[in-house]
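Record features, source TrEMBL:
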TRANSMEM  B:55-73  transmembrane segment
TRANSMEM  B:94-112  transmembrane segment
TRANSMEM  B:148-166  transmembrane segment
TRANSMEM  B:186-208  transmembrane segment
TRANSMEM  B:220-243  transmembrane segment
TRANSMEM  B:263-285  transmembrane segment
TRANSMEM  B:305-327  transmembrane segment
TRANSMEM  B:334-351  transmembrane segment
TRANSMEM  B:371-389  transmembrane segment
Amino acid sequence: MSDVHSNSKFLVGIYDDDDVVLQAVKDVRKAGVKIHEVYSPFPIHGLDVALGHPRTKLGIAAFLFGLTGTLTAISLTFYTEGYDWPMIVGGKDSYSPIIYIPIFFELTVLFSALGMVATFLLSNGLGPTVKPLMYDLRTTDNKFAMTIDMSKNDIGEGDIESILKRSGAAEVNIKQF
Amino acid sequence: MGLGAGVVLVALGCFLAASGGGHETHEVAHAAGAEHAEGVAHHAYKWTNRLWANVWLNAIYFTGASVIGMFFMSYNYLAQAGWSVAFKRVPEALPAYLPIMGIVVLAVFFLAGHDLFHWTNPALYDTASPEYDPIIAGKHGFLNTPFYVIRVALYFVLWYVLWRMIRSYSLQEDLSGGTDYYYKSLRVGVIFLVVFAVTSSTSAWDFVMSIDTHWFSTMFGWYTLASWHVTGLAIITLTVLALKERGYLQIVTESHLHDLGKFMFAFSIFWTYVWFAQFMLIYYANLPEETIHYREIFSGFGGIYKAPFFINLTLNFVFPFLVLMTTAAKRTGIILKVAAWGIVIGHYFDFYVNIMPGTVGSHGGFGPMEFGMILIFASGFVWSVYSQLEKANLVPKHHPMLEESLHHDIN
Amino acid sequence: MSHVTSAVRTPLVTGGKTYADVTEDISRQVEGKPTREWTIAFTIAVVVLIYGAACVFWTWWEGLGVWGLNKTVGWAWDITNFVWWVGIGHAGTLISAILLLFRQKWRTAVNRAAEAMTIFAVICAASFILMHMGRPWLALWALPLPNTFGSLWVNFKSPLVWDVFAISTYFTVSLVFWYMGLLPDLATIRDRARSKVSRYIYGAFSLGWNGSAKTWARYEYISLILAGLSTPLVLSVHTIVSFDFATSVIPGWHTTIFPPYFVAGAIFSGFAMVQNLVLIIRVVFKLEDYITVEHIESMNKVITLTGSIVGVAYLTEFFIAWYSGVEFESYAFINRATGPYWWAYAAMMTCNVISPQLFWSRAIRRSVVWTFTLSVIVNIGMWFERFVIIVTSLHRDYLPSSWAMFHPTLFDISDYIFSFGLFFTLFLLFSKFLPVVNMAEVKTVIKSSSEKLPASVSGVAKGERVTSPTFNKNID
């Protein structure tokens, strides 16, 4: 939440419906207002596109962590059974990669999943000691909030308020951090 | 539209097959000098064996490709899937090829069964004969000509009749609308799935596993099903893309293609899983009566099947896995096409390595005959699919889930 | 978002619920005082757990000799219970991952409880691994650590070591998946909390979630990737469990169909257990509008499907045992069906193959009582399946001189009871302190499938995208 400066002033438009807020995002942006963020109790399909957020690159993280897992598994099995203490069990070669495929697979998945989730938490600034910035407590229940950072907009407060109202906002509040 | 191309392909295929046959006699003459067939056909090898083996291989491959159309529709009905309705007529067109394949399969069995199936040799069951084989004799209750023919005929009849029913409901739905036909089709789909649960395994034993008469694997039925299934998915994708490129099926969006791509990706991995599980267990336990199957492919007959073995793994696992991994790839027509072609070719080799070593052994190869035979069967298949597609509206306009499919949007 | 839903679909949420209703109905039991039923059930579970723990302690103190194992049957109830619990632990990830990938929306009401069940079932399964080690303080020897007496490593060629990797990976990833799913709901409870303590605790566990569009987009993305990773993972776990048996050359164990057949069986028993738990939850917490008869019916269909797959696998095994002409293999299967353990085999066949076929009847499929009873029967059947596979294959050795029978002792039984105490204690704690239904996900399906609008026959779907703010008033 580094993009929020102390004593920033926000206009918070509260909406009752997910379809309304999705359309409102398009309308408000068309009206020339820069939207800070939208908060919702559940994911709204297409909202990130409407807001113009860039596509997430977490897939690359998942891939790279997975690759690390595979390489770890290959090195672990090679070091232990191919190099450090070669052993022939069940008539197989001391290092027999076909047999290690389950290990390769499990470590790939483990590393990929944990690494990606960790990246997600870090990149979104989530953690057990984080105090969330809640613009409206009802956004985890049944309301949708569109927040406008006043310091980033040249349009006057009254104008934005009427744009929000026209786009379907049930109420418009002011929130100061 | 596809018909003209089909005729040209058939002509080309026949020409190639004929010239391939000519080559074959030369090769046989060559091979006669250094004959060391490792436990293959007990009676003399004829060049026609390879021809019949090729017909059989293609017949089994395209039987699978056809019946998967019905399988795909059935489980989509059962799972209440809405997204696939937009291109439903494509899988619906595939099983029309089944009767032709049924006739070919039975004809080959009657004409050349003795050359392809070791177990058809009556001496194996005669205790007085030097060729008596107690293990094969033990299988006589299952592997005997009358029962075999009944089973094979039953597969084709059941599959085809159930398809005719679902097809006619689908066409009637186009005319009259309503949800009645939806529920009727659902019921037929469920019946098909029950039938196919059994027949997919038993047909795999009959068509392929019984070629290596001694060999057995409990996984084999599901393994063949996995192979057929992903082939069918790739063919559906290719057909959808071909129609879209020619200006039909414009209602199919990137989202539908994305899902088809996911299906090909997921079921390629599923096939690999089944392949690996079967291979791993046989490799690990190292029992001679089981390992012989892979021994023959991997190092038997002078190693001629080693390349197809690796082509199989590469085209069916490595290739689709890498190509279809990203979202962008699954939404791009040309990449999907490349992946689908890889899968279609790869699974031909899957059946190739399972059928050829047991039927032609060291006389196998991949020459004009193989190529020509593929062309003949494939052009017939393309003709059959396109003529079915021409018979009906490409959009099932009264399907109750059509609207959902038109609004299918994922990203 | 397109809310186009076909007329042939039945609603997933009944009773005309609004978003606020969802929050209220599901958070209620987390915030309120424990009910009487809960307290009674919890007390019983804890008593069972204490009794079981004492028996497990004695098993370790005295040694594994207190079990009924002998030289021929060296694996019996311990591994049966392990495989049974791991199998049950498959449904949660299946529901949340595979059904997410297949976009089966009905999963939203049951995935939370199913995933919790998965995690607790895997813990129970792991407890049998520790138990059958006899000296659990040496469990770390199963990890690839350099031995203090020299560089002797674990044997990576052993399926038992693969199991260590598979089960621990599965547990970790399932836990992460479940926890990620909980984040938005924990934030909901945090924002509703009245006491400082619960605001602090739920606040810490919700990791500062605030539901911004950016977070949701990434969250949905990683959920899909986690689902994509979990799907092969869930297959791999029971595959590797099946390798424990199938890589050996014991007749009846070494058969190539084992991996997918074990997976199908696992899903089968897992869904049966989910049914049992969910049927109790929906009554106790009054969630009939969220977990509807439609949900129960869908899960019964999965049970019938997987039960039939298992049935096909039984028949395939039996057929190939005869077809193979291998006398040991043929004998193993004839012995299963007609030998001294014929009753276990009969129980397995009846419970697993025949009983789920009753679900072909729509009335039975939609009956709560039938569903509950048949689900219990399926789980009994799946326990017997593992018992049949493990004990009947072992008790007739290659050498007739070492043929033996297995008789369970009090400790075999009590250690099994322990796992029930553990499972239900954990599950009851979960159902009290965490929301049993995924609120955020139910809210995403509520509009497309909550109320039944008149649908025209021509196939034009209901609920086209509505952009006017008046829509919400129509809901109430």
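Numbers here mean position along the shown chain, with the first residue as 1.
Glycine is treated like the rest: Cβ placed from N, Cα and C.
Because the structure is a prediction, the values reported are computed rather than measured.
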For the transmembrane segment (B:186-208), what are the same-chain contacts with Cβ under 8 Å, counting residues 6+ beyond its ends? 60, 63, 67, 70-71, 73-78, 105, 148, 151-152, 154-155, 158-159, 162-163, 165-166, 169, 220-225, 228, 351, 354-355
Counting Cβ pairs under 8 Å that are 6 or more apart in sequence, does the total for the transmembrane segment (B:220-243) and the transmembrane segment (B:263-285) reach three or more? yes
Counting a contact as 3 or more Cβ pairs under 8 Å, with residues at least 6 apart in sequence, do the transmembrane segment (B:263-285) and the transmembrane segment (B:305-327) touch? yes
Counting only residues 6+ away from its ends, which parts of the chain sit with a Cβ under 8 Å from the transmembrane segment (B:334-351)? 57, 60-61, 208, 227-228, 230-231, 233-235, 237-238, 241, 257, 260-261, 264, 268, 308, 311-312, 314-316, 319-320, 323-324, 374
